[in-house]
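Asks: Let me give you the structure first, and then I'll get to my questions.
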C-alpha cells in the first residue's frame, strides 16, 4: 500500500513539475487565450457573459467609499500605472546589472500593449451597454487590457521577488498575492460594467502566456550562461 502511495505521489509530483515548466505554461496559457478568442468570435460565450455580467454588475452598483475602492483597484491595472511600474522595475534591473531581464520586461510590456490594441481593433467587440460609475472607456472590449497587462506586469515582478528566497511558503505567498491582485483588478472591470467576463478571462490567459514566455527566456538564458561557465 505504501509503495503504491509513493508511486502515486511521485507521479503527481512529476505532473506538477511539468505544468510548472515555463514552456508548458506558455503553451497552456496561449491555447486558453486562442480558445477564448474563438469562443467569443463564434458567440459561444454570449449566454455565459450575459448571465455573469448581470449578476456581477448589480453588485457593482455602489456609491460612496465602495465606489472609490472599485475605482482605486481598477486603476492599479491602468496603462498609466502599469507603464510607470514597469519602467521603475526595468530601470532597477538595468542598474543592478540585469540588463537582459530589463530588456525582456520592456519588450514584453510593449508587445502586450500593442497586442491588446490590435486585437481590440481587429475583433471590434462592443463593450456592455451598461457602463456605471462614470468610468471613461475609449477602446473596444476584447480582450481586457487591464487584465492582460496587470497579469504580465505583476506576475513578472512576483517572479523576480522569488529570487530573494528559497522558502517555498514565501514563494507561494508571493505568487498568491500577485494572483489575488490581478483577480481583483479583473473583477473590478466587470463590477464597473465596462467589460464582459470573457474579456477578463481572455486577458488573464494572454497576460499569463506572455509572463510565462518571459520566465522561459530568463530560464533559457540562465542555462546558457551556466553551460558557458561550466
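Every residue gets a Cβ built from N, Cα and C, even glycine.
What TrEMBL says about a protein is an automatic prediction, not a curated fact.
Under the heading domain 'Phosphatidic acid phosphatase type 2/haloperoxidase', TrEMBL lists 101-215. The transmembrane segment annotation in TrEMBL covers 21-44, 75-96, 103-123, 143-161, 173-194, 200-218.
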Asks: Compare 21-44, 103-123, 143-161, 200-218 by their Cβ pairs under 8 Å to the transmembrane segment (75-96) and return the stretch that comes out on top.
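Replies: The listed stretch sharing the most Cβ pairs with the transmembrane segment (75-96) is 143-161.
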Asks: What average pLDDT does the predicted model assign to the domain 'Phosphatidic acid phosphatase type 2/haloperoxidase' (101-215)?
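Replies: Its mean pLDDT is 90.
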Asks: Given a Cβ distance threshold of under 8 angstroms, which distant residues of the chain, six or more beyond its ends, lie next to the transmembrane segment (200-218)?
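Replies: Sequence-remote neighbours of the transmembrane segment (200-218) are 22-23, 25-26, 29-30, 32-33, 36-37, 40, 101, 104-105, 108, 111-112, 115-116, 142-152, 155-156, 159, 182, 186-187, 189-190.
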Asks: Could you give me the DSSP helix, strand and coil counts for the domain 'Phosphatidic acid phosphatase type 2/haloperoxidase' (101-215)?
Replies: 86 helix, 0 strand, 29 coil
